[in-house]
């Protein structure tokens, strides 16, 4: 009884050894406290603790992403696969420097490329007009093939509007990336480069690539349906070249707004989808045509004006960003909508109508470039 009390104290249970009230004699107590037996008990106790109860030290592993922590929040629309590793910077504001420069640089390059594209497109249209006259004459004397599959495809393509033909390439790119998500061996690469996260090691390229990335079929179908519905209106307002510059820039700008919100709130997590860029398209059309009538899919009997729809969407995304709703990236939606409103109101005058100096420089470069024969013009 006396030795059991000492062992309990040795185990660290906080129980001090006391003399037994009954059931023991002075000789038993003296024998229990003898040096040889006490040392043997200590030795045996040490061996038992080492071999029987002490756990081996765990190997230190690098910290992985924790989907249950408050610092890591994942939307329900992103893939449930583990990212390689998240290491949020101890200086989170510094992580926004590279994305900021990338956003400004990419936006400038997008609009510059669109201006040059429009210049080349106008030149090619003049040339194709004369080529078309020659082609029509050849088709008149060439026997026509009836029921040709290629002819049916060309007929379908020619019946599309300019806006629908423009967004067809965007939809095809989204479908291709969606298929890549189905390849198990590519999921780590897809998470790294096709989802945007300010806590990731790769910050800049996902700002653009995530705009074409969808993991959920419903997410992709809903976004592409909205884009297809507004394609004719937005291309009629901006033109094909300017629309592409606005769409790509909107994807990067909305992702940067998402980065800022995640860093400010500390709720890191990957995001993906074209919703930010599509919100720019929707906001631009609703701002330009506020009295247009819109309806919800599957509920065509309920209609409302485009201006009221835009106000409701902005209010919902603002509430979601403030209250921390996690199903959508409300900061990206809000950033895309505000960019669309700003561009239609001010950006078109400030950016697109001041593209002439760049076009003149490009024209001079094309005019002064060497001919194919090697001489200069």
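Glycine residues also receive a Cβ, built from the backbone N, Cα and C atoms like all the rest.
As the structure is a computational prediction, the values presented were derived from the model and not from experiment.
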Membrane topology agreement for residue 98 and residue 353 per Swiss-Prot: no
Stretch carrying transmembrane segment according to Swiss-Prot (options 146-165, 166-185): 166-185
Matching range for Swiss-Prot feature annotation, transmembrane segment, among 271-287, 356-372: 271-287
In the chain carrying residue 275 (active site, nucleophile), residues 6 or more apart in sequence that have Cβ under 8 angstroms from it: 223, 254, 328, 329, 332, 333, 336
Selected stretch (most C-beta pairs under 8 A with the transmembrane segment (271-287)) from 100-119, 166-185, 243-260, 294-316, 331-352: 331-352
For the topological domain 'Mitochondrial intermembrane' (229-242), sequence-distant contacts whose Cβ falls under 8 Å of one of its Cβ atoms, 6 or more beyond its ends: 114-115, 117-118, 121, 161-164, 166-167, 278, 281-282, 284-285, 288-289, 344, 348, 352
Coarse DSSP state, helix versus strand versus coil, of residue 275 (active site, nucleophile): helix
